[in-house]
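Asks: Got a structure for you, questions after.
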């Protein structure tokens, strides 16, 4: 029944059936999430069952990918069994290797059978699954370690009690995020299911923060705007036109300008699906992130995968990396970057390049991915050099800030760099990527190399003496002690206020 429906609808609107099915599943996430939010708060198992069964329905019936579900489910159960049997450090290592290999096979199969194609299949959800399974495995391992060996983040997300298969699959197959993400930690999900962050510790009553529906609708309407932009502007700014002789015949400035616009337009599809999935998560009640310290309003951005404004106005490659595909960045940071650093040592360029390498490997095997991430790693290194060697010369002694023109120039250079580099990510092949960069005279690559080679020589940084370093460390330690003391006083005062308030309420009830 749905096959004929989607087939007819695809012909009527001239939209690919596979993408239409995926979009329909994302849209269905909203009413389903609204219903999920209404499930009894004191029956978490019902929520777990509903989450799993809803995902199965969306994947099999709406998306029509039973084979894909078998891949996802088989991989998930295998990881659950491995971590139940292997208690040492090799547990998460085996999981990481296993799921990455499984995903790689899927990538290669797709690449060989649909080279440079854009037909949707299970590899997209499997990429999300890979992040969840590997982070979950590390969290289980952390739960078996001495808490003193863990970072604060690891302590907060360590899984000390091995979950049942139902609870585990509920996390893996949380329906608003099963197709396009975002990825998130198991303990954050369990706290949401049990509503512990909204539950009054004394009365046990649930107090939902305000703004959930509004935040969900903001994401939803933003995704609609992104979809409309993609439908209207996207075809006019096709990235493949950079391979056309007509583009090559343009003056260099116009060629470079078209690359900027085409790369910008290509981001609309990511904004559309990520924001739509984020809105559905929030509608279900998942995504509360405390209160805004400035406005006091509730924040519902914990499941956000993209900060569009911060990305589009970013003044450094690091800012862009921090605000793009944030679920993946968090996974790379905590499940790769900090896991490859030797205990007691600080991360360096090797860890940075290793993380970019895993990121490229996670995306697939098109050469364009590796060109993009290798170049981005070099650009990030160049950005750090500029920040440490050049930026201090323009920082105002009075305000401690850089002038507006400096910030605007940084934003222009950063956006131009990422748009130029992303051509290889969009074109996929090695020859096409090099051809486009060649027609732009490798201008950004030349600039990156020049910064890395010349800036340390032309703009050397004066190193602090040992005495100055010791004084700086003393100031930091003093500041840390002061902050801890103030925090302790504040907590004590808050407890006293709460106790006084509770006692007053008891007297009023007695009267």
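Placed from the backbone N, Cα and C atoms, the Cβ positions cover glycine too.
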Asks: Which range is it, out of 90-113, 114-137, 138-161, 210-233, that shows up in TrEMBL as transmembrane segment?
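Replies: The listed stretch tagged transmembrane segment in TrEMBL is 210-233.
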Asks: From the ranges 404-428, 479-503, pick the one that TrEMBL records as transmembrane segment.
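Replies: Transmembrane segment, as annotated by TrEMBL, spans 404-428.
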Asks: Under TrEMBL, which of the candidate ranges 51-73, 235-257 is annotated transmembrane segment?
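Replies: Transmembrane segment, as annotated by TrEMBL, spans 51-73.
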Asks: From the ranges 20-39, 260-279, grab the one TrEMBL calls transmembrane segment.
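Replies: Checked against TrEMBL: transmembrane segment maps to 20-39.
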Asks: Counting Cβ pairs under 8 Å to the transmembrane segment (20-39), which of 51-73, 365-383, 404-428 comes out on top?
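Replies: Looking only at 51-73, 365-383, 404-428, the most contacts with the transmembrane segment (20-39) come from 51-73.
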